[in-house]
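What TrEMBL annotates here:
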{"type": "REGION", "residues": "1-45", "note": "region 'Disordered'"}
{"type": "COMPBIAS", "residues": "1-28", "note": "compositional bias 'Low complexity'"}
{"type": "TRANSMEM", "residues": "67-89", "note": "transmembrane segment"}
{"type": "DOMAIN", "residues": "68-297", "note": "domain 'ABC transmembrane type-2'"}
{"type": "TRANSMEM", "residues": "101-124", "note": "transmembrane segment"}
{"type": "TRANSMEM", "residues": "159-180", "note": "transmembrane segment"}
{"type": "TRANSMEM", "residues": "186-208", "note": "transmembrane segment"}
{"type": "TRANSMEM", "residues": "215-234", "note": "transmembrane segment"}
{"type": "TRANSMEM", "residues": "272-294", "note": "transmembrane segment"}
Amino acid sequence: MTVTTSTPATATDTDTAATAATTPAAPTKPVRPSAPSAPTGPRKVSQGRILGSILWRDILVTARQPWLFLAEALLQPLFILFIFGKVLADMDYVDSSYVPLLLPGIVGLTAFISALQATALPLVMDFSYSKEIEDRLMAPVGIRLVALEKIVFGGIRGFIAAALMIPVGILVLGVSWWPAAALPPILAVLVLGSLLGGALGLVLGTVVPARRVGVVFGLALTPLMFTAAAQYSLLSLHGLKWFQVVVGINPITYINEGLRSVLLDKVDSVPLGIDLAVLAAAIVVASVVGIRGFTRRAVD
């Protein structure tokens, strides 16, 4: 049998045990639950960025075919300038003072027509045959923003066409270069004129059926071109009051009159402030009508 002997506790052991029994335990800090981790899904992209991507894509498509763009934008106005401003002037059928008056009108007309065609014709084809517009409508942007992009893209093409037409026209006609001081108002008029062409192109592109596009464009463009004060000044028509009223109703007139009021001091023109106000109002009206028509066609 094993005998167990116990060692008597010392005073130090007794004091330590007593102290441990009387000392309260340190409070423990509650552990806060960790925040849930953010989902790792795709980042949200702003509508403005998506709209910019769509616009950039359209610009790149145009840039891949520069010669086609130049032919569409410059061929017709170049022939008008050459025949009316060069051939007829050299044959003394028109006065030499008529040549400087012609160039601003043709430049303004180029801005409008190029923008209108760049917006209207592709829209007619998209809604009727190619259905390419459906890809744009599937983008995470509003339908109205897609319509607005069409106006802006048409305006960019019209502005570039007009900017290219200025040096070409000056070289063909042999007139003096436009002063640099007139550049800001010239740019303002051309920007508004190009946007007006894009807005009216949106209206036509959503209204005209594909089978009638040739007839409608022929009937619409011819009166617009010859009642736009491109070959004459609006205020010089005081002897033909009824025709002056018709020309004054045409909003394209105020593109050409705005350029003349900046460049030609000796020609009576509509004041620049009135020109800019009329163009801005026409852009708003045409944009509202065009965007509504685009939305209706897109939903249908």
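Even glycines carry a Cβ here, placed using N, Cα and C.
Bear in mind that the values here come from a model prediction, so they are computed numbers and not experimental data.
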Maximum Cβ pairs under 8 Å to the transmembrane segment (186-208) among 67-89, 101-124, 159-180, 215-234, 272-294 is reached by 101-124
Sort out the residues at least 6 away from either end of the transmembrane segment (215-234), same chain, that have Cβ-Cβ distances under 8 Å to it, and list them. 84, 101-102, 105-106, 108-109, 112-113, 116, 120-121, 204, 208, 243-244, 246-248, 250, 252-253, 255-257, 260, 267-270
